[in-house]
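A short worksheet on the structure shown next.
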């Protein structure tokens with residue numbers, strides 16, 4: 001059986017984790033293997049990279065962390081993604097599983113090329129090389145005004161979340177631009193709706209994607 005590859009994208013606080021878990025439960029209720037993962041941090045190597053990306057580099061001074069240059073940040077994301085595909089995503093797809101990832105290469109394009117203002121073509125080429133061109137069959141972009149989504153956060157801000165309102169707004173615009181360029185892959189959902197309404201839209205769309213792949217009928 002062919003596997004199904006699904007990604008969830010959006011700025012922080014839009015409710016990706018909640019919907020990922022809903023989709024996991026739905027897939028498993030149909031008797032199909034479901035692998036849920038995330039970027040960065042989907043592998044042991046990724047966990048180490050995630051710590052650097054989200055919290056900076058430990059300098060030995062508890063009051064100071066060395067920041068990461070934008071190009072270095074992009075390379076770290078690509079390294080995490082390459083290992084993630086080789087170790088987790090591709091083997092699961094080859095087994096016929098549904099793979100759901102909380103963030104994938106579109107986050108690099110939105111955060112580095114949009115938020116960090118690096119060159120989009122360079123970021124995309126790097127990500128496609130790292131993944132050997134592997135793209136999700138469907139990407140659910142949960143869209144919300146960053147000011148609204150930021151208010152939902154219930155934990156201390158990490159490095160990305162603390163980057164400022166302008167950064168978050170540029171990132172949201174970059175996500176929407178990506179969706180406009182690839183409408184056959186992206187499904188944009190207004191994340192300011194209720195959890196149930198968001199889930200209903202995801203479920204209805206996922207059923208069409210999975211049926212096309214020979215999965216849930």
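Placement of Cβ uses the backbone N, Cα and C atoms for every residue, glycine included.
Taken from Swiss-Prot, the feature ATP binding site covers 10, 11, 12, 13, 14, 15, 16, 17.
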Message: Using Cβ atoms only, which residues of the same chain lie under 8 Å from residue 11 (ATP binding site) while being at least 6 residues apart in sequence?
response: 144, 146, 149, 168, 171, 172, 175
Statement: If you rank the binding-site residues 15, 17 by how many other Cβ atoms lie within 10 Å of their Cβ, the lowest count goes to 17
- line: Min neighbour Cβ count (10 Å) across binding-site residues 10, 13 flags 13
Task: Measure from the Cβ of residue 12 (ATP binding site) and count the other Cβ atoms within 10 Å, all protein chains considered.
output: 17
- request: Would you mind pulling the DSSP three-state label for residue 11 (ATP binding site)?
  value: coil
Query: In sequence order, which same-chain residues at least six apart have a C-beta under 8 angstroms from residue 16 (ATP binding site)?
result: 8, 9, 10, 102, 103, 142
- request: Tell me the Cβ neighbour count for residue 14 (ATP binding site), meaning other Cβ atoms within 10 Å of its Cβ, over all protein chains shown.
  value: 27
